Amino acid sequence: MDPSDRYCFSPILRWNPEVENYFIKAYGADHFSVISKALTRPSSYSCVRVNTLKSTSDAVIEKLLKIIKEKGFDGDCHGKEGSEPDENLGSPLEESLKKSPIVKCQIPGLEYVLFVKGSGPHVIDYGYVPGAPPKEVIVSRKCAEAVLRGAQVFVPGVLACSAHVEKGDTIAVSVAIEQRNPNGGWASGMTRGTVLQGLQTDPYYFERNGLYIGQGTTTMSRAGLFRASEGIAVDMNDRVFRLPSFYDVLEGEIFLQNLPSIVAAHALDPQKGERILDMCAAPGGKTTAIAILMKDAGELVAIDRSHNKAQVIQKLAFEMSLTCITTYKLDALKAIRQRNETDDINTNQSSNSLRFHDEKASSSTTEGFNSDKTCKDNVSNAIEDGGDLC
Ligand SMILES: C[S@@+](CC[C@H](N)C(=O)[O-])C[C@H]1O[C@@H](n2cnc3c(N)ncnc32)[C@H](O)[C@@H]1O
């Protein structure tokens with residue numbers, strides 16, 4: 001392989017042969033190959049839920065179209081145009097997205113869901129010169145997945161970096177996919193802070209062939225990057241897949257959320273005045289969806305075992321002006337006592353009420369949230385750390 005060929009995005013899924021044979025029989029070789037390829041790519045659109053207590057789908061579409069027009073297609077990417085033709089287009093949604101970059105969900109009752117078009121894969125010139133490989137960082141898989149959905153590279157996601165990287169350097173970003181370890185688990189197995197030379201002796205050099213997800217500008221030096229515990233490490237200029245970034249966009253009016261999570265809240269059909277418990281709630285995607293469906297009237301108890309994540313729920317509820325949510329930092333497994341349990345905690349509560357053994361996450365009427373930097377960083381880190389779009 002020519003060394004320059006590795007700086008591209010062409011992942012190949014490796015299946016357990018038995019599973020692969022099963023699927024080939026079930027789907028046919030051609031269909032299975034299309035499915036297998038699609039599984040290596042991010043979604044071709046983003047899904048956004050509108051806070052109908054604050055706005056309407058039409059108003060949000062209008063505002064987003066204006067933002068997209070002002071900022072360019074995907075907010076902060078200005079790479080070369082030109083992408084591979086996408087052989088998977090053809091569903092009614094994708095056909096609609098060809099006509100307009102933002103469309104309303106056509107499922108009755110879900111008109112508050114919007115789809116925003118993305119594009120890719122794009123070809124990126126990493127500036128490879130024989131004998132002078134580009135400076136690069138390796139990021140975790142979760143970080144890479146977020147980047148391919150419009151996020152920046154945050155500090156905790158960086159695993160390794162070239163030597164002599166300074167703030168403002170152009171840098172290629174690749175991903176270290178987890179490998180199976182001897183204990184049967186999966187891990188990248190890379191020590192954070194590893195120095196890359198751009199040589200075949202670099203960790204996962206061959207495994208990273210075709211796993212370059214974009215190019216950006218470093219916001220700090222190599223030393224700073226591994227000293228810092230939070231913040232943006234690489235400001236992405238170009239990604240192989242481009243989806244609009246919704247970071248700080250129409251805060252409180254919209255929430256980026258996968259359709260199945262939205263449908264889960266919708267299927268629950270929560271009603272005004274009900275009392276609902278969300279036991280693994282952070283970052284609060286379903287919690288806030290439920291609260292909005294309840295018209296913010298009733299009681300929604302949201303718990304998460306992580307203190308920082310519980311704060312993230314509070315921040316989101318505050319942004320969305322939802323007052324029916326009460327947040328607790330609490331392990332769900334220890335959350336509820338049997339009626340006849342005889343420990344001495346909360347003995348003054350009625351026997352059939354839920355009894356919380358842990359503390360309420362600090363003040364839920366927090367005026368401080370707007371300017372609370374820690375909370376904002378917690379959101380970034382929670383996203384970085386959790387990676388899931390819930
Ligand atoms: C995938 S996220 C949940 C997403 C959330 N339901 C939403 O729709 O936004 C899983 C969350 O569960 C929390 N969690 C896991 N085990 C828990 C437990 N035993 N008690 C409380 N929270 C837990 C994690 O901290 C994490 O924030």
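Glycine residues also receive a Cβ, built from the backbone N, Cα and C atoms like all the rest.
TrEMBL labels come from automatic prediction, so no person has curated them.
Some features that TrEMBL has for this protein:
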- C280, A281, A282, P283, G284, G285, K286, D304, D331: S-adenosyl-L-methionine binding site (BINDING)
- 345-354: compositional bias 'Polar residues' (COMPBIAS)
- 362-371: compositional bias 'Polar residues' (COMPBIAS)
- 187-390: domain 'SAM-dependent MTase RsmB/NOP-type' (DOMAIN)
- 344-371: region 'Disordered' (REGION)
Go through C280, A282, the listed binding-site residues, and name the one with the sparsest Cβ surroundings, counting other Cβ atoms within 10 Å.
C280
Over the domain 'SAM-dependent MTase RsmB/NOP-type' (187-390), what is the model's average pLDDT?
80
Tell me, how many other CB atoms lie within 10 A of the CB of D331 (S-adenosyl-L-methionine binding site), whichever protein chain they belong to?
13
Would you identify which of the binding-site residues G284, K286 has the most other C-beta atoms lying within 10 angstroms of its C-beta?
G284
On the Cα atoms of C280, A281, A282, P283, G284, G285, K286, D304, D331, which are listed as binding S-adenosyl-L-methionine, what is the maximum pairwise distance in Å?
19
